[in-house]
Amino acid sequence: MRHPLVMGNWKLNGNKQMVNELIAGLRTELSGVDGCGVAIAPPVMYLEQAKHAISGSPVALGAQNVDVNLSGAFTGEVSADMLKDIGAQYIIIGHSERRTWHAESDDAIAKKFAVLKQTGLIPVLCIGETEAENEAGKTEEVCARQIDAVLNTQGADAFKGVVIAYEPVWAIGTGKSATPAQAQAVHKFIRDHIAKKDATVAAQVIIQYGGSVNDKNAAELFAQPDIDGALVGGASLKADAFAAIVKAAAAAKKA
């Protein structure tokens with residue numbers, strides 16, 4: 001039985017006041033909600049503050065990136081050991097914005113995946129196709145390639161306890177979203193692709209949907225059998241909007 005996870009990716013947003021106010025709002029909005037895991041990934045500057053603000057709540061701490069190195073002369077980077085030390089659990093890797101703006105390759109992302117696993121942290125591996133790739137009918141090819149960077153080097157066992165986030169690049173922050181049927185088809189493909197190596201592991205992998213998820217489309221998305229929650233961008237910056245998505249995930253999986 002997979003439990004859904006809804007994770008908020010705050011991206012490059014926030015300040016000290018916002019961290020306190022947003023988390024206070026989440027604590028209120030999510031009171032009594034169960035059946036769905038919740039995590040937030042603030043900017044690294046605010047991880048310590050967020051950790052204290054979520055203390056005693058069901059909200060887990062995440063982060064938006066990690067370096068492949070654990071220490072050394074790597075200016076500006078943050079290591080898996082540092083993230084673990086500060087209390088982060090879910091670490092986003094491979095986000096399309098990192099792939100685009102920082103030219104992160106599939107191989108580099110696979111190395112980050114391995115470092116997180118070795119450190120005992122949970123990778124949230126983002127995969128997904130661009131609009132051009134989607135229009136060219138290459139969605140499955142792209143997703144398979146991005147998964148295979150890990151699968152072919154670390155094996156199916158590496159996906160135990162891991163989160164995959166399918167984020168069609170054309171839907172991120174655009175207001176566009178894949179239809180529930182479109183998203184389900186890709187999620188099923190991802191699960192089936194891993195199942196070729198190990199069906200048991202594939203059955204328990206959490207596969208989130210990301211790409212303009214909001215309180216209006218969440219329930220229909222989460223009703224799909226292979227959609228296990230969401231990686232949420234803009235809507236995660238508002239307590240009521242984010243909580244509505246969490247509640248939709250919890251309700252859908254109880255139905």
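Just so it is clear, glycine is given a Cβ too, placed from its N, Cα and C backbone atoms.
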### Message
Need one residue: from Ser31, Ser212, the one Swiss-Prot lists with Asn9, Trp10, Lys11, Gly173, Gly233, Gly234 for substrate.
### Response
Ser212
#### Entry: Residue pair Glu167 (active site, proton acceptor), Trp10 (substrate binding site) - Cα distance, angstrom, rounded
15
### Query
Do you know offhand how many angstrom separate Ser212 (substrate binding site) and His95 (active site, electrophile) by C-alpha?
14
### Message
Please report the Cα separation of Asn9 (substrate binding site) and His95 (active site, electrophile) in Å, rounded to an integer.
### Response
10
### Query
At its widest, how many Å does the recorded substrate site span between Cα atoms of Asn9, Trp10, Lys11, Gly173, Ser212, Gly233, Gly234?
14
#### Entry: Rounded Cα separation (Å) that holds between Gly173 (substrate binding site) and His95 (active site, electrophile)
13
